[in-house]
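See below for the structure under consideration.
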């Protein structure tokens, strides 16, 4: 079963015979057995990735699922998660797309450093991000102090705080994706627009943005998915108040200590949303043009 | 003069230094081999490549100080670069929109341009649904719709197949004749340049090596590249009255000249003989056949010897003379078919 089809040029009868399994049409690759040294770890990896998800499905309290899903805490947490993840994505789009454009199109000293800084939240433990946000935007933080005294604005432990924490963690996904799309885009379209009298802003919103739309959407979806799953920075910066800052991942964590079955139900909901997002991303944007 | 420019662009291992003057309504073709700097010159006129020296003046106002979007230009790119997300109509309306026209005015202008290029019924089509010839015409309409004073065309017909090219070329010629601004056209195809342009500027290695009307250039090539383009044998010689010496071959010519001259003659004017023909020793030399190849309906014989010459003979003559590479042969050219002019 794991033997790849031998040389494809000869023996069409043989390939017809095995066509039913759908492997006969693969022509690429040199002939020879697939090395077990690679296949065994690959299978282990697959099981390792899929088994926990399967476990979630096996242990799910299917009989009481409907009533549990309809519980107000679940709906509240789900609504809060969807709203904050969406707002965080909008914030990331408004700020991240221009940042990506500057990184891709403007040559300024220290550009490499800026690009490195942008990716720091990607590798930073989210809890550390939350602590950092507290130190700057907290009530006694560097900026938060001033926001509090001048405008009476308090960010930590509010829904706005959740959005900020999620945006902080998720923005690099968007910036990297959009910058990649910008770098891959054919600059000559922008030149053509300039010869027609378009200013750089007109070029950006009438030519560049439509051309890189798939990259922007892919980045936004990734960004949204990351924001939806955000835990560390959120619980550190915004706390865990039901209805205000308690998003789905926080609810899952809390439920695990008191009511494991509820945690499973909440996890299933997040899993379903994630798979939905992944599927839409693959079908509509990643594989097209 | 509408356009007066001196374009200097320096790059590592390449320097473009080009003087260019184009009248209103005139079409000038920049002709040259690959890498000669034609496209760089065109992009410099558009402001897509920065000048390292020189100037561009259009109707007496400096252009080189303006960014691309503020120059009154229209440009047709080699692969058109129609915006793939916009319809043909919106592609053409793009320029007028950028110049401040309202959406409906821009679209009206665009629609009239699409009518002029005969594509009214394709106005709603996206570029990917247009054929090569249609895309070329949309690109031309887009470049002209904003009312430029300087039209720049980069190999406008290069992406078309041979049949479409013929048709689009004659249409393009008509539109260029109607355009009252200056036109600069870049091409490596001499036929395209001769059909479309009023004047040719031949560029080699970043500098102008020859310019003139297509007839002048075709008749009096001044470099080997131009001679090859127009299909002539070109030799440098020394004239003394009606005699020109090229190497150790003496030619009788019609022109009365003195000093260094160019001598040009068509490959078809060269006659070949197996043995030395009788008569004057002028216009006659002994050569070695270096190569034989098919050339249209005829056969082109490459001759080496005291001068390197291409000769076109009929396939029948090849058979009669039993021509083979390496063979010694006598070549002659009639005095009336040579053309000499000062170098």
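Glycine too: its Cβ is placed from the backbone N, Cα and C atoms.
Because TrEMBL annotations are produced automatically, they should be read as predictions rather than curated entries.
Annotation source TrEMBL lists compositional bias 'Low complexity' at A:1-18. According to TrEMBL, the feature domain 'ABC transmembrane type-1' maps to A:78-281. Per TrEMBL, region 'Disordered' is recorded for A:1-29. Annotated transmembrane segment per TrEMBL: A:34-58, A:78-104, A:116-137, A:157-182, A:203-227, A:262-281, in sequence order.
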Which stretch, A:34-58, A:116-137, A:203-227, tops the Cβ pairs under 8 Å count with the transmembrane segment (A:157-182)?
A:203-227
With a cut-off of 8 Å between Cβ atoms, can you find at least three pairs linking the transmembrane segment (A:203-227) to the transmembrane segment (A:78-104)? Only pairs 6 or more residues apart in sequence count.
yes
Sequence-distant contacts of the transmembrane segment (A:116-137), meaning Cβ under 8 Å and at least 6 residues beyond its ends, amount to 99, 103, 143-144, 147, 155-156, 161, 164-165, 168-169, 171-173, 175-176, 230-237
